[in-house]
Amino acid sequence: MIPQQQPSGMPFHRYQPFKPVDLPDRTWPSKTITKAPRWLSTDLRDGNQALIEPMDTERKREIFDLLVRMGYKEIEVGFPAASQTDYDFVRYLIEEDRIPDDVQISVLTQAREELIERTVQSLVGAKRATVHLYNATSPEFRRIVFGVNREECKGIAVEGTRTVLKFAEQYLKDTEYFGYEYSPEIFIDTELEFALEVCEAVMDVYQPGPDREIILNLPATVERATPNVYADQIEWMSRNLSRREYVCLSVHPHNDRGTAVAAAELAVMAGADRVEGCLFGHGERTGNVCLVTLGLNLFSQGIDPMIDFSNIDEIRRTVEHCTQLPVNPRHPYGGDLVYTAFSGSHQDAIKKGFHALEADAAAAGVPVDEYRWNMPYLPIDPKDVGRTYEAVIRVNSQSGKGGVSYVLQRDYSIDLPRRLQIEFSRVVQQFADAEGGEFSGERIWEIFTDTYLSEGVVGVMAYRSETSEDGEYCISADVRLRGEIREITGTGNGPISAFVDALAGVGFKLRVLDYSEHALSEGGDARAAAYVEAEVDGNVLWGVGISSNITTASLKAVCSAVNRAQQS
């Protein structure tokens with residue numbers, strides 16, 4: 001019988017399940033995402049305010065410039081009324097002409113008149129700007145934090161919108177495009193009908209219409225429920241909002257339950273037009289939804305994210321430098337280890353996948369880097385985001401033949417026969433168990449050369465050969481035998497069999513079971529590798545030889561097998 005789980009003893013009774021949305025005819029489960037939503041980066045606002053040490057102007061500029069290079073067209077640049085630093089940064093961007101003509105900056109404000117005025121003042125001189133107003137609408141915040149009823153809460157949003165329009169008319173007459181965004185904060189905990197009522201009241205004031213879009217942003221300020229519940233909420237709002245064609249329905253998922261990415265994707269399926277988030281998921285508590293993950297999830301499905309992630313390491317380094325927080329090595333798409341396999345079975349599958357990709361691309365007459373990607377364990381080609389294949393397969397005690405042989409082939413052009421892969425992986429495994437940790441390509445090569453290419457009791461120095469009239473191959477070889485140079489002779493149907501015959505004359509009896517060879521590089525002076533599987537005194541083992549002459553490499557491989565038999 002399977003052991004039965006026992007009660008935890010934790011006070012789970014203190015918590016209540018989230019109420020589902022009554023939406024029996026929901027349509028989002030049958031939808032698919034076919035294009036990228038509009039993106040807004042809030043790295044400089046929501047991301048920045050959650051840092052242990054908020055960014056100074058120089059680091060903010062680095063993030064802003066990065067976002068522009070990547071292709072973000074909507075960037076929330078601060079909370080000007082909350083701090084002088086934020087205000088000064090907005091002024092810096094405008095006065096130093098740092099904002100491209102096709103980028104819309106956004107600033108956040110609470111719904112108090114003096115804060116709204118200072119916020120709008122910060123935008124004077126901007127060509128394109130959005131004011132983002134919010135107030136909390138959930139029952140808990142109405143009752144506990146602000147002590148207001150529904151009508152008073154709605155009144156805050158309505159009056160705040162009027163105030164934004166008043167100051168925009170006063171200060172932003174020269175702005176080419178003025179945008180307005182409203183967020184019922186804590187939307188996810190707000191009664192849906194009340195959230196709709198507030199948004200409708202805000203629209204009544206703003207009067208959206210042709211060329212006068214309103215952004216209604218519906219935040220999962222604290223992630224409370226499974227992503228499907230958030231999707232139901234978004235679909236319900238999308239269905240019931242009037243003037244929907246003039247509304248950009250935006251979502252702002254947080255990651256408190258660890259499902260912000262799924263929540264955002266389902267929300268887009270449910271009708272959201274726009275997603276707000278941060279690079280690598282920075283933000284309050286567990287962070288905002290990760291824009292990197294969302295974008296590259298689309299990319300992995302053959303959809304253009306409309307954002308350039310082709311140098312993921314530059315993006316990560318910039319974010320780490322500016323936030324002074326590291327990106328987790330396991331973070332999707334951007335972490336150090338996300339394209340790395342240590343497990344032997346994973347490594348073997350990836351190695352075979354690369355061989356199949358090269359073969360399929362060649363058969364189709366298409367360059368490998370343009371052929372359809374279909375690779376075990378790797379959802380995207382690391383090269384498409386600026387990574388190399390160097391770290392795809394790394395070797396430790398969990399690695400098998402696939403990983404070890406892949407590293408040798410990648411770094412040293414050594415293409416081991418399958419049975420030799422198995423034999424050598426056992427050798428590496430012994431070292432890995434003894435030494436622990438990860439093995440570099442250099443360490444694997446060191447073990448390989450010590451095992452197969454080092455000097456032993458016998459080594460070939462030179463040889464001479466001829467073929468008799470009846471086709472028999474005759475060899476005369478100078479060999480180093482236990483420190484002395486000896487000449488040995490033998491005959492056979494080829495150089496290997498003749499050399500084996502010669503070795504038998506000095507006491508080394510072996511039977512060759514398999515042989516393979518390949519060039520290590522191209523050109524007239526290319527070296528070759530030869531592999532010999534032999535039975536020596538009842539033991540089956542492999543020998544390896546490397547030389548600029550393929551016959552010499554073959555004879556060295558025979559000597560390697562003999563030497564390994566002597567050591568075993």
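Keep in mind that glycine also has a Cβ here, set from the backbone N, Cα and C atoms.
Since we're looking at a predicted model, the values are computed, not measured.
As recorded in Swiss-Prot, the features of this protein are as follows:
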| type | residues | note |
| --- | --- | --- |
| DOMAIN | 37-313 | domain 'Pyruvate carboxyltransferase' |
| BINDING | D46, H252, H254, N288 | Mg(2+) binding site |
| REGION | 455-568 | region 'Regulatory domain' |
Could you tell me which three-state DSSP class D46 (Mg(2+) binding site) falls into? helix
Same-chain residues six or more away whose CB lies under 8 A from the CB of N288 (Mg(2+) binding site)? T42, D46, G47, H252, P253, H254, N255, A260, E276, G277, C278, G281, H282
Other than D46, H252, H254, N288, the chain contributes near Mg(2+) (Cβ within 8 Å of their centroid) the residues T42, P219, A220, T221, P253, A260, E276, G277, C278, G283, E284, G287, V289
For the binding-site residues H252, H254, the one whose C-beta sees the most other C-beta atoms within 10 angstroms: H252
